[in-house]
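Novice: From TrEMBL, here are the annotated features:
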- 342-357: compositional bias 'Low complexity' (COMPBIAS)
- 317-357: region 'Disordered' (REGION)
- 15-56: repeat 'WD' (REPEAT)
- 57-88: repeat 'WD' (REPEAT)
- 99-140: repeat 'WD' (REPEAT)
- 141-182: repeat 'WD' (REPEAT)
- 183-224: repeat 'WD' (REPEAT)
- 225-266: repeat 'WD' (REPEAT)
- 267-299: repeat 'WD' (REPEAT)
Amino acid sequence: MTAHCPEDPSLERHFKGHRDAVTSVDFSLNTKQLASGSMDSCLMVWHMKPQTRAYRFAGHKDAITCVNFSPSGHLLASGSRDKTVRIWVPNVKGESTVFRAHTATVRSVHFCSDGQSLVTASDDKTVKVWSTHRQKFLFSLSQHINWVRCAKFSPDGRLIVSASDDKTVKLWDKTSRECVHSYCEHGGFVTYVDFHPSGTCIAAAGMDNTVKVWDVRTHRLLQHYQLHSAAVNALSFHPSGNYLVTASSDSTLKILDLMEGRLLYTLHGHQGPATTVAFSRTGEYFASGGSDEQVMVWKSNFDVVDYGEVLRVQRPPATRASSSGTLPEVDPLVPPGRGRSQESMQSQSQEPVSVPQSLTSTLEHIVGQLDVLTQTVSILEQRLTLTEDKLKQCLENQQLIMQRTTP
């Protein structure tokens, strides 16, 4: 990064504690916590408040490949090369429950926006959907013919998108469990995919050094970026929908202006491949991780004013939203007006601004407490099952001893 004006992204702080490459990062809802997974098999929960000790959670028996906070921030999911998914309560105790259904490395975990479901992707070539509160496997999506690297819910929870080493991105209908469309334009393994905040577009990163953006309604390729000199490992949309940040094996992060279809910044910080990147829920920060074992937190700066304006814009009428596009096509470049583009980018699931803040906070608190209570009950059930198993074993051993001692 060559320029140093106040509007440029700036490195806010970095966290050291992992003993191997960082594979995944994610912020909690309130940006007070940042989770990271690593090849060292440990899950770290860092506190954004200075001089606060991080939590180190051990439980996985092999490398952690992915992490994701629940929408409320009261639960944390992780996936591992040990073929399991764990759901953690991110506090000092670090208690967790285990989901088992995949038969190979779990590459991706993602909570639905309502917190009720979890989608996972694996090297067993499947995408699986789980019930969070019932701790139950629901169904599999099984049309990929190679490892599935990533799977994400749409903002409204109706669609799922997945990316695979079979060089395809697949769009699924969650209710019918059918594959709606396959995008086959990538020239190599597809490493990462995510939905635009509006839910109308998806962006995918590939081993062919590219980032591609498609419209999920028309399935047209809208934008195609070839800016990195090595594989693109991860990407993240700014909550406004106007910007995209990418992480690459060329060691850089790049920030793209999606409205103008151009590169804004190239950030140099990691020594070696940048493996993961994620914006905070407000877009004020973004975090990155790399093979250098470091987690870096950057202050966005570049969109403080724009994003404030976006948050103040009322949700447009349904008829207008359905008729307006989200992102311009880069080739040919047709930049839309800033005001119009910001208004059209509003997510259809966004709450109206008329909802009182106190009520919203109370509801979020109730949902969060429900998450924690459900998780606690699940942990107690597991402990009870273990106790019952031990009692049964003791009784069986006692019966064997009695049989041997009886003449």
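Glycine residues also receive a Cβ, built from the backbone N, Cα and C atoms like all the rest.
Where in this structure would I find these features, and how exposed are they?
Specialist: Long-range Cβ contacts of the repeat 'WD' (15-56) within its own chain (Cβ-Cβ under 8 Å, at least 6 residues beyond either end) map to 62-69, 71-73, 76, 78, 80, 88, 90-92, 94, 273, 275-282, 284-285, 287-297, 364.
Residues in the repeat 'WD' (57-88) partition by DSSP class (helix H, G, I; strand E, B; coil) as 0 helix, 18 strand, 14 coil.
Mean pLDDT for the repeat 'WD' (99-140) in this predicted model: 95.
Residues 104-105, 107-108, 110-114, 117, 119-123, 125-129, 188-195, 197-199, 202, 204-205, 214, 216, 219, 347-349 of the same chain sit 6 or more residues outside the repeat 'WD' (141-182) yet have a Cβ under 8 Å from a Cβ within it.
Within its own chain, the repeat 'WD' (183-224) has Cβ neighbours under 8 Å at 146, 149-156, 159, 161-165, 167-171, 230-237, 239-241, 244, 246, 248, 256, 258, 261, 325-331, 344-349, counting only residues six or more beyond its boundaries.
Here the repeat 'WD' (267-299) has long-range neighbours at 1, 9-16, 18-31, 34, 36, 38, 44, 46, 48, 230, 233-240, 245-255, 307, meaning same-chain residues at least 6 beyond its ends whose C-beta is under 8 angstroms from one of its own.
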Novice: Restricting to the same chain and to residues at least six past its boundaries, which positions have a Cβ under 8 Å from a Cβ of the repeat 'WD' (57-88)?
Specialist: 20, 23-30, 32-33, 35-45, 94-100, 102-111, 113-115, 118, 120, 122, 130, 132, 135, 364, 367-369, 371-372, 375
